[in-house]
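Trainee: Let me begin by handing over the structure; questions about it come next.
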Amino acid sequence: MSYRDLRECIDLERGTEDVGLAAGRSQREKKRSYKDLLREEEEIAEQVRKSSKKRSKELDLFSGNELHKKKKKHSSDDYHADHSTDSAKKKKKTSLPSPSSSDTAMDLLKAITSPQADTSTTHPSKKPEKILATPISFSSPSQPPHKDYHKKSGEVSGDDSSHRSKKSKPLTLREPDGLRMKLIMSPNEKSEEEAVSPQGGPGHSDSASSKKNSKKLGREEIESRSSHKKHKKQSYTPRSGGTPDSASSTGGELDAGELVIDDSLRDMKKKKKSKKSKKKKDKHKDEKHKKHSKSKREHEVEQSQTQIASPGLPSPPPPPATTPPTSPPSIPLQPQALVTHTEEQSDKKKKKEDPEKPKKKNMSAYQVFSKEYRVSIIAEHPGIDFGELSKKLAEVWKQLPEKDKLVWKQKAQYLQHKQNKAEATTVKRKSSSSESAPKSKGSSSGLVSPNKKSPTSSVASFSTSPAKVPDTEPIDVAAHLQLLGESLSLIGHRLQETEGMVAVSGSLSVLLDSILCALGPLVCLTSHVPQLNACPKQILSNTLDNIAYVMPGL
């Protein structure tokens, strides 16, 4: 082979390689353009989502003009979308699966954009309209941020005119709180819409509807916010025989229509009524319970009174038939009312007296000593201060021998015992007097005759007060003897504990003191025997008081 032949072969091979490279480059460029288109569509979709979220938060009355401008641009882009065949074919491939569906979609698009579409559209053409809405939304890169807004305007322009001409049924909006609203169209608005739809072309009708929608959307949302702040989601019922009404289509009819409320918040009123009825029932139950408890108490008091009266006295005989039946029951009711009233008063007095009672204080030997010795110090030093007096008393108490301190201790114990005994006797007297009072009342109620002669006798029995009891009663004597026994037992325990011999003089003095402490109370018992009552009561009471100084072992 010559050099030329080799050069030609190499050139041919290079040419084929260049052709292959060019074909590969064209395919890559096609793929890149396809990918770029997909990316652009995704970016537009993201922009639509973001703007829809922002719009739902920041929509106000001033946003109507901006929406109107965007809608104008959008309608002009849709009107010229048929001329750009290359871009439409590529996007139909991405959105529509088969060529037959793309042909039908193009036919329907032409039918919608033509001025005769308002009368020719029927119910079977609903599904392809929904399919068409997706490719049209991606046709222009300068699309406004609402996909759904374009769908709603397209559907309303086709369907609303035919349905309003056929049927004038009111639109119904179903709110979540049970508030059902009817939108009745006024005749002026119907005539205006019928006049606008055939005269203006598709661009004019779209712009008019977009103006109404943009202005009245703001009003609708302000009303919905003021009426339902708590509920964010709103569910609307579809129209009979047509496509479901969107927020934009219904918002355009709120201004001209009359609003009729069917169910005005019945659920809220029912809840409030149920709460009020529950409160009333609870109050009624409490009042019944209180009345029932009061009646029970009164019944128990009456039963106790009848039981007290029945054992003491025989039951009165039944009244004869000739006597009138009204007079006997009125007589025994009076003492029962008196008893209940007195019992209530006594309960109140007890409640008042309980906090007023001072606590009992035990008398100490130093207190008894200071009480008696204070008089002598004041007599010696008139006008002495309380602080100096207390200091002198403390010094004298310290200088006292133990025997004298024991004597003062015994005296304090005796006085304490006497005080306790006096309180016990007063309590017994009160209880006995309180027991005797209902008995006398019961007897008086049992003995009451129709002539009413017994009240004077019952008053006389109440007026007699018990005589003042002297200090030399058998109870006092028994208390002194009990103290003597306790002191002697203490001395015996101490003698058992001590080791060694005990002085005879000490034992004799203890025995003599114990004899005196035993004989003194026994002499007081002679006052209760008339044959032996020779000593005056004052001397006997003084001896009982002085026994405390002689009591051994305390």
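Glycine too: its Cβ is placed from the backbone N, Cα and C atoms.
As annotated by Swiss-Prot, DNA-binding region applies to 359-427, with the evidence given as sequence analysis. Per Swiss-Prot, the feature compositional bias 'Basic and acidic residues' maps to 75-88, 145-154, 217-226, 341-357. Feature annotation from Swiss-Prot assigns compositional bias 'Low complexity' to 95-105, 433-445, 454-467. Per Swiss-Prot, the feature compositional bias 'Polar residues' maps to 113-123, 236-251. Among the features that Swiss-Prot reports, compositional bias 'Basic residues' is placed at 268-296. According to Swiss-Prot, the compositional bias 'Pro residues' annotation covers 313-332. Among the features that Swiss-Prot reports, region 'Disordered' is placed at 15-368, 417-469.
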Trainee: So, by DSSP, how many helix, strand and coil residues make up the compositional bias 'Basic residues' (268-296)?
Mentor: 29 helix, 0 strand, 0 coil
Trainee: Quick one: average pLDDT across the DNA-binding region (359-427), no decimals.
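Mentor: In the predicted model, the DNA-binding region (359-427) has a mean pLDDT of 80.
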Trainee: What counts of helix, strand and coil residues does DSSP assign across the DNA-binding region (359-427)?
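Mentor: DSSP composition of the DNA-binding region (359-427): 56 helix, 0 strand, 13 coil.
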